[in-house]
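Copied straight from TrEMBL:
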TRANSMEM  26-47  transmembrane segment
TRANSMEM  67-86  transmembrane segment
TRANSMEM  124-145  transmembrane segment
TRANSMEM  165-187  transmembrane segment
TRANSMEM  256-277  transmembrane segment
TRANSMEM  289-309  transmembrane segment
TRANSMEM  352-370  transmembrane segment
């Protein structure tokens, strides 16, 4: 995979993504099919068992808040998993938009521009993966350090007794596998959206570079009027088409992922509140305390990254108008200036990824989530005392 290779490698490992050139051998396809739906069954079975257990302990505020943040995380993961499975054709079309001739680098300078954004997307994925895996590892090892009776890492409905060691170990292993694959899928699917937004920002930088380069070239060829007019028409038309392509990519990202992100933001209000509440009830600097700190850190990173990169995309889009204004646009004809004026007018509005303008990927959304979560935490604390 040429775009976001880390994300698609993890998705292939988890059985979610298949390249177009798949193995034609029947046995390989059968094993791949079984592997894919075994992982899906583990994730969905674990989520349903957690929901059942959450309903069973609904009258205990302490147990309810302890299980709620993990349940909501896995419910959101199941929705992301379902979305990526049923809409793979749309995702492939989105990726093909980045592969068009307009979006490909033409020289070493343009390659270096896109390379910076590729590296940025990779670093974000690695950082999120490390934070999340530390959180998952702490969740798994906490019961092993307990001196009490046998405990499972997470609260879930088990329709049998785990008093016998083999059943306990099998259930423990099942939860460990669910957490491991859950983290891999959660991180890769979230950072896939970050990566696509980052790549779109890279395309905007590429567009700005081409605009400034076109104006410089036209200024040099100003004395050759006939050749100047031909080059001018082609250069400006290409930049306008590139801008339309970038706008189309942004709309596709919004259509494909934004409804899931809106649900994630709503769930994050509850999960942040419940995890802070659990932290306040744990022994300071204990293993369980650090488990919730790690989980809270990964959750904040997840939500903040969505808002940060969405906000960056909006600023980059507005920056197109400045790039045109700052360049030597006086060398082009009146007709082409009208095309650029239209492009500037659209760019000045920016492009905020949102659901009908309600839930937007901007930094103000992140601050609202933090404030609302803290208010809910205070309310929960007063209710429990």
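Our numbering is plain: 1 for the first residue shown, then up by one each step along the chain.
Including glycine, each Cβ sits where the backbone N, Cα and C put it.
For each listed feature, how buried is it and what is near it?
With a threshold of 8 Å between CB atoms, the same-chain residues lying at least 6 positions outside the transmembrane segment (124-145) that come near it are 4, 6-7, 151-154, 172, 175-176, 179-180, 182-183, 186-188, 190-191, 194-195, 198, 287-288, 290-291, 294-295, 297-298, 301-302, 305.
For the transmembrane segment (165-187), the residues of the chain that approach it from at least six positions outside its boundaries are 10-11, 13-14, 16, 39, 42-43, 46, 73-74, 77, 80-81, 125, 128-129, 132-133, 135-136, 139-140, 143, 150, 152-154, 156, 158, judged by C-beta separation under 8 angstroms.
Among residues of the same chain six or more beyond the transmembrane segment (289-309), those with a C-beta under 8 A of the stretch's C-beta atoms are 69, 73, 124, 127-128, 131-132, 134-135, 138-139, 142, 190-191, 193-194, 197-198, 201, 261, 264-265, 268, 271-272, 275-276, 278-279, 282-283, 361-363, 365-366, 369.
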